Amino acid sequence: MAGGVVVNAGGGKDYPGKLTMFVLFACIVAATGGLIFGYDIGISGGVTSMNPFLMKFFPSVYHKEQEAERNQSNQYCKFDSQLLTMFTSSLYLAALVASFVAATVTRVAGRKWSMFGGGVTFLVGAALNGAAKDVVMLILGRVLLGIGVGFANQSVPVYLSEMAPARLRGMLNIGFQLMITIGILCANLINYGTAKIKGGWGWRVSLALAAVPAAIIAVGALFLPDTPNSLIDRGYTDDAKRMLKRVRGTEDVEEEYNDLVAASEESKLVAHPWRNILQPRYRPQLVMAIAIPMFQQLTGINVIMFYAPVLFKTLGFADDASLMSAVITGLVNVFATFVSIVTVDRLGRRKLFLQGGTQMLACQIVVGSLIGAKFGFSGVAEIPKGYAAIVVFFICAYVAGFAWSWGPLGWLVPSEIFPLEIRSAGQSINVSVNMLCTFIIAQAFLPMLCRFKFILFFFFGAWVVVMTIFVALFLPETKNVPIEEMVLVWKSHWYWGRFIRDEDVHVGADLEMPSANGNGKVGAGKLVGMQ
């Protein structure tokens, strides 16, 4: 201990303070921004498996599906339509573009107003979709939903990482992923109910109810406090100190406040964050901001969550059974996320990444083999109930592995690794890469399913091997390390340390930092305020 600051086991300073109800409530409200993203992921797959929706907007897909069922033709190809996938994936293209605008809003106006803007835009998109008369109106609504998602995904993870005490940052940040999973589950339950509405207008209810999560985050954002980091960065230093005392529940915030001010002063020296992020000293963060969201989508999870009802229908399930199976995977997703919440700050990020990757790979091999054994390359088969139940079990095991690893950590790790001067730019890159990869995979999945058949599961399995090796070699442990000191983690890494010069580490007395694998300790750098 030096200067009233404890050096914790994770390698960073453990600032005085506790988890206050004020912070907990603020983080819960902010995390509801994940509801809009999750609701949309779940709802789009459900409505695209509803016959009345297909008959109105995508009649060619409907007729192809009916023809496949009558003739028992290739099950892999019956939903293959670029227009249908454009309905789903247009949102992610819009979110990609919106994330760059959101970066400026988040930095200049604060995190809460970016959340508010996202909620309001999503609300308008939900109204348009619920009242859609044609495909153009439908896709315009999707674009507005995408803008809302872009703003929320840009601001919420950063807000949570900045508000949370370092030792609980993982748990509180994963609240965002938990809300995504709850949104998916609610969407699946709603689809299950609205599919039974007589008259064929249930899809309108499903799409219009997106207004509910949008209203929650829009109204909630109005009552959220701004983070001390954001207040300091925008020149409200007195307000920032008062807020820091309130969020930490103590008057003893001088050390943490000084570190935040020092980080802000350094950030003001960076006139062009988009240009500066290309500098060698930010190379580790830039690589992670691109690799982690790309790998998160290449796990194949959104293929399962987007198209779960469609996928189960393709496997030969009846309409109700396919939606019910999607509800089951949604429940698994929610409960498995709690595993990550409980363990992420104890076990660390790396262990969850590695365990989850191993589990997902095993399940993808089994599911691909089971589907291949029945459907082969012809795509024609009848699946017995017991056999189908085994497929669903392994899909659920795959979803669980994702839900306590790449799901939450794909948002947590990028949001906690950037220094303040490039944080908004870095998070924009994270969101935009995530949305771009989601768009590409959503657009390509049904054609790939038609052409690759069951090999598609092995395709995503191969990517899981690549990303698991990547984490093992290149991702250091970041648990318990204050955001403003994260540079020390990269400086001590066997590979990334070569990009960071000693003069790039602008902090005070010597401190032991965790090694790249999170086990041993290596000397690295100095910390502000520890002299």
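From the backbone N, Cα and C atoms, a Cβ is placed for every residue, glycine too.
Packing against the transmembrane segment (19-39) from elsewhere in the chain are residues 111-112, 115, 118-119, 122, 145, 148-149, 152-153, 155-156, 159-160, 163-165, 168, 172, 175-187, 209-210, 213-214, 216-217, 220-221, 223-225, 246-249: each is 6 or more residues past its ends and has a CB under 8 Å from a CB in it. Among the features that TrEMBL reports, transmembrane segment is placed at 19-39 (among others).
Taken from TrEMBL, the feature domain 'Major facilitator superfamily (MFS) profile' applies to 26-479.
What TrEMBL records for 83-106 (among others) is transmembrane segment. Away from its own ends, the transmembrane segment (83-106) comes close to residues 40, 44-45, 48, 54, 57-58, 61, 113-114, 117-118, 135, 138-139, 142-151, 153-155, 158, 306, 424-425, 427-428, 431-432, 435-436, 438-439, 442-447 of its chain (Cβ-Cβ under 8 Å, at least six residues beyond either end).
The transmembrane segment annotation in TrEMBL covers 138-160 (among others).
Per TrEMBL, the feature transmembrane segment maps to 172-190 (among others).
Under the heading transmembrane segment, TrEMBL lists 202-224 (among others). Residues 26, 29-30, 32-33, 35-36, 39-40, 43, 46-47, 50, 52-53, 112-113, 115-116, 118-120, 122-123, 125-127, 129-132, 141, 145, 148, 152, 159, 183, 187, 190-191, 193-196 of the same chain lie 6 or more positions beyond the ends of the transmembrane segment (202-224) yet place their CB under 8 Å from a CB of it.
Residues or ranges marked as transmembrane segment in TrEMBL: 286-310 (among others).
If you look up TrEMBL, you'll see 322-344 (among others) marked as transmembrane segment. If you look at the transmembrane segment (322-344), the same-chain residues 6 or more away from its ends with a CB under 8 A from one of its CBs are 42, 45-46, 49, 170-171, 174-175, 177-178, 181-182, 184-185, 187-189, 191-192, 195, 304-305, 308-313, 315, 352, 392, 395-396, 399-405, 407-409, 412, 479.
Under 8 Å from some Cβ of the transmembrane segment (387-407) lie the Cβ atoms of residues 177, 180-181, 295-296, 299, 301, 304-305, 312, 315-317, 325, 328-329, 332-337, 339-340, 343, 352-353, 355-360, 363-364, 366-367, 370-371, 374, 467, all in the same chain and six or more residues away from its ends. Marked as transmembrane segment by TrEMBL: 387-407 (among others).
What TrEMBL lists as transmembrane segment is 427-447 (among others).
Remote same-chain residues near the transmembrane segment (454-475) are listed as 287-288, 291, 295, 298-300, 303, 349-350, 353-354, 357-358, 360-361, 364-365, 367-369, 371-372, 375-376, 406, 413, 445, 448, 493, 495-496 (criterion: CB distance under 8 Å, separation of at least six residues from the stretch ends). The transmembrane segment annotation in TrEMBL covers 454-475 (among others).
Summed and averaged per residue, pLDDT over the domain 'Major facilitator superfamily (MFS) profile' (26-479) gives 85.
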